[in-house]
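The structure appears below as structure tokens.
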Amino acid sequence: MTTNYIFVTGGVVSSLGKGIAAASLAAILEARGLKVTMMKLDPYINVDPGTMSPTQHGEVFVTEDGAETDLDLGHYERFIRTKMTKRNNFTAGRVYSDVLAKERRGDYLGATIQVIPHITNDIKDRVINGSQGHDVAIVEVGGTVGDIESLPFMEAIRQLAVEIGRERAMFMHLTLVPYLAAAGEVKTKPTQHSVKELLSIGIQPDILVCRSDRMIPANERKKIALFCNVPEKAVISMKDVDSIYKIPQLIKSQGLDDLVCARFGINAPEADLSEWEQVIYEEANPTGEVTIGMVGKYIELPDAYKSVNEALKHAGLKNRLSVNIKYVDSQDVETKGVEVLQGLDAILVPGGFGDRGIEGKILAAKYARENKVPYLGICLGMQVALIEYARNVAGMEGAHSTEFNKDTKYPVVGLITEWVDSEGNVEERTESSNLGGTMRLGSQLCHLAKGTKARELYGSDTIHERHRHRYEVNNNLRPQIEKAGLKVSGLSADKKLVEMIENPNHPWFVAAQFHPEFTSTPRDGHPLFSGFIKAAGENARGELK
């Protein structure tokens, strides 16, 4: 299969929405019956985002095969059906690390290692290998045109377009067209300069996607086309909208997919966007609303919980409920008390690392349990629910995780030293293992117990969900906790590790060691989140039983 490439770059400022624009185009092409994949090339020197601060970089999205990747891959999976893998995201750090490893082994036979050709060749090889078997590959280059660190990536995609032929390659450039209220008009000069910068490194954009707070007037589009050397129909307006799921319709209405198909000589039927129309309808026509308290430690940057936020919204669509997320700093729960949790329809404690704010999360789990508020715990959110139950119900005073207190009398959560991965291989870790890439990662099989809420929600006795953690329930203390009434509703493939717990004496109290948010999509939702939001709605209406 011959693969065609669309290279996506950004100019003027960062955070323009390259990932959303690229994913929206991919969704339209997929709706035309094409097999589409996406890639994200990140110019930073970290080998992967796994050890980066969530408040700097946002969440780490985990793929089925266990890659710790950029959050844009989450957008990709929410917009298209293709599952991302470790081949769909790589960084400058990964490229340099591998090239240097080859140099140390002598693979280059004593050659002087340079950015061109060695680094650029490695980038090109990764793009080609990661896109095989697809009609179209949309390749997003992170950062902004003009950044020093992105130059090797820009040179690599320029070379690749020449090598595969311009009939198989397109460049789509996102740029900002600001509106100046004082002048009463949009300004095209930043776009012109951004394209000039792109031209200086040998790339002529084929499509310009212009970000603005309004549609770009026809005369300004004509001006952009003239001075940026693109056809007028290739100047696409991408105005601000109240939902990112409206973007596919917005760009399709301007013929972006037709431009792509014409360029690549693809004869494909018109896109059927009925599923996206249904999503937009559900979002615009809720029958009620709920307020979910998200108790975390990275709340200053909501993108740190991007997939959780989106999964809650998806569940709202399935229940025809508008979901309001109230971010609660877990340290505020410690200092101000559980009063900050009052008035919430449900409580969610997401994943996290480190002991800052941990007691606040434990208090949130206690508040939800005692006040019969629907509770969903994810990863660390399951562990704090278990710790709280052990302390206050099972009589294990001072129970804790060894992550936060190595000397606790009741280490109900401890470091996993061994587990079986999705392929049946035994993975081992110790406390001396590196931080990067050493967690239990990727999709794992989970057995659900009969008669549990988890089994009822999923409608199956086995599921596959994605993991990202180092600590697990201590099986030595598990019988004591179960005897006190807590139900283990999910177990790992070898039935040794606790994957889900729930409280049978509570209307809706479920927690999972895995990350269900990574597999939620706007079109399909996710059973765990859908059940959670349904319970929140019942609680809001006073109908929770």
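The backbone N, Cα and C atoms fix where each Cβ goes, and this holds for glycine too.
Annotation comment: Swiss-Prot describes 1-266 as region 'Amidoligase domain', evidence class sequence analysis. The CTP binding site annotation in Swiss-Prot covers Ser14, Asp147, Ile148, Glu149, Lys187, Thr188, Lys189, Pro190, Thr191, Gln192, Lys223 and rests on sequence analysis. According to Swiss-Prot, the feature UTP binding site maps to Ser14, Lys187, Thr188, Lys189, Pro190, Thr191, Gln192, Lys223, an assignment based on sequence analysis. Among the features that Swiss-Prot reports, ATP binding site is placed at Ser15, Leu16, Gly17, Lys18, Gly19, Ile20, Asp72, Lys239, Asp240, Val241, with the record citing sequence analysis. Summarising the annotation, Swiss-Prot assigns Mg(2+) binding site to Asp72, Glu140 and lists sequence analysis as the type of evidence. Residues or ranges marked as domain 'Glutamine amidotransferase type-1' by Swiss-Prot: 291-542. The L-glutamine binding site annotation in Swiss-Prot covers Gly352, Leu380, Gly381, Met382, Gln383, Glu403, Arg470 and is backed by sequence analysis. Residues annotated as active site, nucleophile in Swiss-Prot: Cys379. Annotated active site per Swiss-Prot: His515, Glu517, in sequence order, evidence recorded as sequence analysis.
Features per Swiss-Prot, on structure.
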residue	record	DSSP class
Ser15	ATP binding site	coil
Lys187	CTP binding site	coil
Lys223	CTP binding site	helix
Asp240	ATP binding site	coil
Cys379	active site, nucleophile	coil
Arg470	L-glutamine binding site	coil
His515	active site	coil
Based on Cβ atoms within 10 Å, give me the single least packed residue among the recorded positions Cys379, Leu380, Met382.
-> Cys379
Based on Cα distances to Ser14 (CTP binding site), point out the closest of the recorded positions Glu140, Cys379, Leu380, Gly381, His515.
-> Glu140
For Gly352 (L-glutamine binding site), just give me the three-state DSSP call.
-> coil
Cα proximity to Gly381 (L-glutamine binding site), best match among binding-site residues Gly17, Asp72, Ile148, Lys223 | Asp72
Sparsest-packed among the binding-site residues, when each Cβ's other Cβ atoms within 10 Å are tallied, from Gly17, Pro190, Gly381 = Pro190
Which has the fewest other Cβ atoms within 10 Å: Asp240, Glu403, the binding-site residues listed?
-> Asp240
Average pLDDT across the region 'Amidoligase domain' (1-266), rounded to a whole number = 95
Of all the binding-site residues given, Thr188, Gln192, which residue's CB has the most CB neighbours within 10 A?
-> Thr188
Where does Gln192 (UTP binding site) sit in DSSP terms: helix, strand, or coil?
-> helix
Per DSSP, three-state class assigned to Glu403 (L-glutamine binding site) | coil
Other than Gly352, Leu380, Gly381, Met382, Gln383, Glu403, Arg470, which residues of the same chain sit close to L-glutamine? List them in sequence order, counting a residue when its Cβ is within 8 Å of the Cβ centroid of the site.
-> Gly351, Phe353, Cys379, Val384, Ser401, Val413, His469, Tyr471
For Thr188 (UTP binding site) and Lys223 (CTP binding site), determine the Cα separation and express it in whole Å.
-> 8
Rounded to an integer, what is the Cα-Cα distance in Å between Arg470 (L-glutamine binding site) and the residue listed as 'active site, nucleophile'?
-> 10
Collapsed DSSP category at Ile148 (CTP binding site) = helix
CB within-chain contacts under 8 A for His515 (active site), separation at least 6 = Val62, Ser307, Gly351, Ile378, Cys379, Glu465, Arg466, His467, Arg468
Which one is it: of the recorded positions Lys189, Thr191, Lys223, Gln383, Glu517, whose Cα lies the shortest distance from the Cα of Asp240 (ATP binding site)?
-> Thr191
